[in-house]
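Engineer: TrEMBL feature annotations, pasted as is:
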- 5-115: domain 'Thiamine pyrophosphate enzyme N-terminal TPP-binding' (DOMAIN)
- Glu50, Gly412, Ser413, Met414, Asp439, Gly440, Gly441, Asn466, Gly467, Thr468, Leu469, Gly470, Phe471, Val472: thiamine diphosphate binding site (BINDING)
- 193-323: domain 'Thiamine pyrophosphate enzyme central' (DOMAIN)
- Thr253, Gly254, Leu255, Ile256, Thr276, Asp277, Phe278, Pro279, Tyr280, Asp296: FAD binding site (BINDING)
- 385-530: domain 'Thiamine pyrophosphate enzyme TPP-binding' (DOMAIN)
- Asp439, Asn466: Mg(2+) binding site (BINDING)
- 537-578: region 'Membrane-binding domain' (REGION)
Amino acid sequence: MAKMLAEQFVEILAAAGVKRVYGLVGDSLNGLTDAIRRQGNIEWIHVRHEEVAAFAAGAEAHLTGALAVCAGSCGPGNLHLINGLFDCHRSRVPVLAIAAHIPSPEIGSGFFQETHPENLFRECSHYCELVSATSQMPRILETAIRAARAKGGVSVLVLPGDVALQPAAAAPATKFEGLLPSAPVVAPAPGDLERLAALLNEGKRITILCGSGCAGAHDELLSLGERLQAPMVHALRGKEHVEWDNPYDVGMTGLIGFSSGYYAMCDCDVLLMLGTDFPYRQFYPDGTKVRIAQVDLRGENIGRRVPVDVGVVGDVRATLAALSPLIDQKTDGTHLAKARDHYAKARESLDDLAVSTPGKRPIHPQQVAKAISDRAAEDAIFTCDVGLPTVWAARYLAMNGKRRLVGSFWHGSMANAMAQGIGAQAAFPGRQVISLSGDGGFAMLMGDLLTLTQQRLPVKVVVFNNGTLGFVELEQKSTGFLDFGTELQNPNFAAMAEAAGIRGIRLEDPSEVEEGIAAAFAHDGPVLVDAVVNRTELAMPPSVTLDMAKGFTLYMVKAVLSGRADEVYDLAKTNLWR
């Protein structure tokens, strides 16, 4: 019997190192899924919603650096992938999406479930093409794999179900050494290095802003920090690579960052940006008073957020190694000492907020986040939903060089955390995976709680149950709006988990937090922790602007005049009278 195109497709994926495919079956995918079943060397991860498949694949790709794959059936099936694929693409992780399609003779006829996937996925992919003939294989699949791996991002192949079932065309064997080359190490031009060194040697108060491009450069960063006597501020995506065992780290900047990180950037005379495309321009120092240098592997990022005096295209690690001999040793550590002292005070203030009084309900979410960090395994993988769970993760999860942190940090989608936890746990079955989920985000895709039991994935899902879309509510208040449309009438999530065959633990009192988190982490299967936390907890930014102060004042006046003075009282009681 002749080999089908679907079989050829799966063989190439397996030879390219693909271990699993996340997806939801459908008739247009039958050829592919049956080939996976018969060949047996790729695992099919059966999810309940295709969006979860894309998020899960993205998490696997983020953590392994290898190609991950998701699949959806024709029409609505693959359309459900799109939000997760946007997240993968914006996070620059290598993912191949297989978008099954209607029978090829029916394309363009307005057939049942017809869409035009090659158009729909164009914006969230580097490569998106229709497989219309068996003779396109294996070259079209190889091209898609190369694009995802080399460029970092998504490739999409649109595969009609009937084409997948056709006999595969004879083709030479794929040379996988050329298909999966290692990533290049890009060294900067010598002239650029000299200009960067001159700028840094002239600076008196240098601050370094570090992003995810600093991955793998921890030793070089510490050496540079010592030579320059420079405090290091990290962006959110740089947290897992920068903050651990680093005496120069003074916290994060941005809306959810530390005051110490913000002021370390404001007080410098030279800002060195390393591997970061930090987008919030209001948190950069005044470019007329500060000279700025930027090092990035992608030249298109240079100067995109703020004008720079020196731009250097290169890998951060390679650049710092080449730069080191050109840097003078600085002896004045005043700027660094000031920033570190500020950081110590900011850290102490944040830790104070993580202390709750037994019997005084509801629980402060900071206590839950700190308990998670304190009791998690040293190589735990954390995922976090956008909004307040990201705030608590950024401020309370301690990184150590082995722990990892995954979130929707560029695309900013709700409902990512548990889905990414599925991908993380599937890729690393022996490691502890903890999802910090918001009640809004969890509820959006909570059907895939069932995936944890069906696929035997022992993810620990901690739901921060504050009964509201918390970050949205804070944004409304800070701009002077009465909160509206944010309230969530939640079930008992722990009881719901028990009904699904998952251990559920409900935390309602501060005295229950430590024991409850410990019990969850000790359990050998999936667990849902339903932590009932304070709705009116403020996540204060590192700097409060006049507009924010005006907005909160306007909100409080409106609340009182609208008969909602009790909200103002609860807000003050939670955040001022603790």
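Think of each number as a place in line: the chain as shown, counted from 1.
Just so it is clear, glycine is given a Cβ too, placed from its N, Cα and C backbone atoms.
TrEMBL does not curate its annotations; it predicts them automatically.
Surface or core, plus neighbours and distances: that's what I need for these features.
Structural biologist: For Asp439 (thiamine diphosphate binding site), the same-chain residues lying six or more positions away in sequence with a CB closer than 8 A to its CB are Val463, Phe464, Asn465, Asn466, Gly467, Thr468, Leu488, Asn490, Phe493.
Counting residues per DSSP class in helix, strand and coil order gives 53 helix, 27 strand, 51 coil for the domain 'Thiamine pyrophosphate enzyme central' (193-323).
According to DSSP, the domain 'Thiamine pyrophosphate enzyme TPP-binding' (385-530) comprises 64 helix, 27 strand, 55 coil.
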Engineer: Taking Glu50, Gly412, Ser413, Met414, Asp439, Gly440, Gly441, Asn466, Gly467, Thr468, Leu469, Gly470, Phe471, Val472 as the record's thiamine diphosphate-binding set, what's the max Cα pairwise distance in Å, rounded to a whole number?
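Structural biologist: Largest Cα to Cα distance for the thiamine diphosphate-binding set is 27 Å.
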Engineer: Would you kindly give the Cα-Cα distance separating Leu255 (FAD binding site) and Phe471 (thiamine diphosphate binding site), rounded to the nearest Å?
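Structural biologist: Cα-Cα, rounded: 11 Å.
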Engineer: Long-range same-chain neighbours of Ser413 (thiamine diphosphate binding site), Cβ under 8 Å, sequence gap at least 6?
Structural biologist: Asn83, Gly84, Phe86, Asp87, Val386
Engineer: Please give the maximum pairwise Cα distance, in Å and rounded to a whole number, for the FAD-binding set Thr253, Gly254, Leu255, Ile256, Thr276, Asp277, Phe278, Pro279, Tyr280, Asp296.
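Structural biologist: Overall maximum Cα spacing for these binding residues reaches 24 Å.
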Engineer: Taking every protein chain shown into account, which of the binding-site residues Gly441, Gly467 has the largest tally of Cβ atoms within 10 Å of its Cβ?
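Structural biologist: Comparing the binding-site residues Gly441, Gly467, the most crowded Cβ belongs to Gly441.
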